[in-house]
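In case it's useful when we look at the structure, here is the feature table from Swiss-Prot:
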type     : residues : note
COMPBIAS : 355-364  : compositional bias 'Polar residues'
REGION   : 339-365  : region 'Disordered'
TRANSMEM : 9-29     : transmembrane segment
TRANSMEM : 38-58    : transmembrane segment
TRANSMEM : 64-84    : transmembrane segment
TRANSMEM : 103-123  : transmembrane segment
TRANSMEM : 131-151  : transmembrane segment
TRANSMEM : 155-175  : transmembrane segment
TRANSMEM : 187-207  : transmembrane segment
TRANSMEM : 224-244  : transmembrane segment
TRANSMEM : 257-277  : transmembrane segment
TRANSMEM : 280-300  : transmembrane segment
Amino acid sequence: MRQLCRGRVLGISVAIAHGVFSGSLNILLKFLISRYQFSFLTLVQCLTSSTAALSLELLRRLGLIAVPPFGLSLARSFAGVAVLSTLQSSLTLWSLRGLSLPMYVVFKRCLPLVTMLIGVLVLKNGAPSPGVLAAVLITTCGAALAGAGDLTGDPIGYVTGVLAVLVHAAYLVLIQKASADTEHGPLTAQYVIAVSATPLLVICSFASTDSIHAWTFPGWKDPAMVSIFVACILIGCAMNFTTLHCTYINSAVTTSFVGVVKSIATITVGMVAFSDVEPTSLFIAGVVVNTLGSIIYCVAKFLETRRQSNYEDLESQAEGEERQPSGDQLPFVMEELPAKSGNSEPESAEGAGDSVQQGGQESRGSIRGISLAARSSRAEGHSDEVGRRSLKDTYLEVWRLVRGTKYMKKDYLMENEALPSP
């Protein structure tokens, strides 16, 4: 029970940390883009990946983290996740450039529906429960309602926003699939993704001339801007890890819903700090419907978790009883059966007759008598043991039937029932 509570607390803590880091990163990146006109987004992505790769490699060499060394087999296991992670972060940065922060959040609120659909197709783990399905549909309707209040963004921003949602959903589903297919944890996944993506991002940063023209940016003279830039790099590393960890522990849909919950604070900060979206009645109604869908999802997942824990308790209880079928507490102590001596007298008489008939061969008769006596004692002990075992098994079968309502996966009566001869 304590281990179950600890697992739930860890899952909730990781989800909250993911929401905090993700919301903070969105706000800080929007500050860089809107207030300081910082447009070198590929450089931000490259430095985030390289910082994570160098930090994890240093910690691995110092023996502070248990991560296997990078190799081709390890890279092959997370190749799809690494490609989608790089593409998702690029599309997110470009959509933040072309969309207002609240409108970007509205796009991200469609993530649970897309994640659920891709998860059903890829993971093939069955349809979601009615509560989860209702929560996802309500959340998506709220996002569409809120999006109808702002259609003034850049068309490229809308296109990249839609692509970012699709790629992000596929990225989360692929993380969940990798967690089931491989034995590596989220820290190993982040290490492999960072090491694999860093060379490609370095090439892209030079190809886009971000790494060349970024150093002539006048904002480097502002300490606040430099602090925000460094914070974006560090928080980006933390957010990538919490994304992986939350998906490993919980699920892809839960990770996408964390973004829905944290978006309330993001929308509030976006409207107050940037003033690029007026809080229209349609937009506010969409946010309210979105929040209602998030609450329904939390309640549905709580009920599912409690139902699953009850089922696991019943399973463990049944397995515990199945492991010790002969360890039931008997209401009284069974007495041992008395030794049967009916077969010993004829055998001893037979041995005496042999000794009279073979008077001249006393030594041979004595040896034969000893062997017959040993054989009779072994047969006697074997029959005694079989009798005690059959009586005890019969009593235990009757006692299990009398005990009442606990049913086992095996039917011991059917196992020991004698089949009729043909």
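FYI, residue positions are counted from 1 along the chain as it appears here.
Yeah, the Cβs are placed from backbone N, Cα and C, and that goes for glycine too.
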Taking pairs 6 or more apart in sequence, does the count of Cβ pairs under 8 Å between the transmembrane segment (9-29) and the transmembrane segment (155-175) hit 3 or more?
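Counting Cβ pairs under 8 Å, fewer than 3, so no.
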Which stretch, 64-84, 187-207, 280-300, tops the Cβ pairs under 8 Å count with the transmembrane segment (38-58)?
187-207
Hey, which of 64-84, 155-175, 187-207, 224-244, 280-300 has the most Cβ-Cβ pairs under 8 Å against the transmembrane segment (103-123)?
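Per the Cβ count, the answer is 155-175.
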So which residues does the transmembrane segment (224-244) touch in its own chain, when a touch means Cβ under 8 Å and the partner is 6 or more beyond its ends?
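Distant contacts of the transmembrane segment (224-244): 14, 17-18, 21-22, 24-25, 28-29, 31-32, 36, 38, 44, 47-48, 51-52, 55, 85, 172, 175, 186-187, 189-190, 193-194, 255.
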